[in-house]
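Undergrad: Got a structure here, written out as structure tokens. Questions coming.
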Amino acid sequence: MAHRLQDRQHRLPVAQATVLTLPPASQAKDVRPSWSALESLLCGAFAGAIAKTVIAPLDRTKIIFQVSSKRFSAKEAFRVIYSTYIEGGLFSLWRGNSATMVRVMPYAAIQFCSHEQYKRLLGSSYGFQGKALPPFPRFLAGSLAGTTAAMLTYPLDMVRARMAVTAREMYSNIMHVFVRISQEEGVRTLYRGFTPTILGVIPYAGITFFTYETLKKLHSEKTKRSQPYPYERLAFGACAGLIGQSASYPLDVVRRRMQTAGVIGSSYSTILGTMREIVTHEGVIRGLYKGLSMNWVKGPVAVGISFTTFDITHNLLLKLHQMGNFIH
């Protein structure tokens, strides 16, 4: 009897020690979602910055054609790039890229992060938690992510468009654009073109994320590999960008015309009015789809790099996090 009592007394501290280690483990579980969101923000910002810097000269050239009545061709596009280089040097091809970075890093961060959150929310709502979403929720998650990012970063897009089509003497830096537009044209001008942007983002982001996620799902089912190789991700992203941008391109042209109306001497104030004026003077294909062929080059490249960079860096951070948990 005395032996049993002593044995029970020896066991009691062990049981207490086990109980005391439980709270930190549960706290670590609670912290994980916030770390996941932070990782998505960081990876998204990095992915957007890399992709946009690579295609910045083509993007700037496309905007110049979108906001003018000049007819687009590959020869004319090359001439614009070459004359820009001769007049302002190599770095002039990246004019406005600082504004692009200021816009695209928060935009991409918010878009990728919110996409992960929307996928999680819709997954739990539709009963697909941790699995690939059905087609409509997959499209909806992309549309909501793009809309969220566009709403929160729109004035920066306006600033980027103004800097792309004006000489350095007119706007010296990003803050100068904000101040001068606010003083001369009013604060509301910073949101000119907002409606066509949102109308364009809904199909663009929805189709782009839907296509990329669908291709990854089909690839996984066919190859039985959970993760595609980097070059496969690049191809999936390129396809997604090609389809998404082609579907929403006319609204992108309308948006740029409305954003730059104050500096090109036009009065584009409504979506339908802008479309009517473009079609009347330039035609449907040469007006509303001006620069689309250049977009078929730069768009898939940018989206492919962006999705690939995000997935690779996100998976890398996830592995590092798991290794940290294993070590601790």
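Glycine is treated like the rest: Cβ placed from N, Cα and C.
Curation does not apply to TrEMBL; its annotations are automatic.
The annotation repeat 'Solcar' is assigned in TrEMBL to 35-121, 133-218, 228-316.
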Undergrad: Sort the residues of the repeat 'Solcar' (133-218) into helix, strand and coil with DSSP and give the three counts.
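TA: Computed counts for the repeat 'Solcar' (133-218) are 72 helix, 0 strand, 14 coil.
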Undergrad: Which whole number is the mean pLDDT over the repeat 'Solcar' (35-121)?
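TA: Mean model confidence (pLDDT) across the repeat 'Solcar' (35-121) is 84.
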Undergrad: Across the repeat 'Solcar' (35-121), what are the DSSP residue counts per state (helix, strand, coil)?
TA: 76 helix, 0 strand, 11 coil
Undergrad: Let's see if you can do this one: DSSP helix, strand and coil counts over the repeat 'Solcar' (228-316), in that order.
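TA: DSSP composition of the repeat 'Solcar' (228-316): 76 helix, 0 strand, 13 coil.
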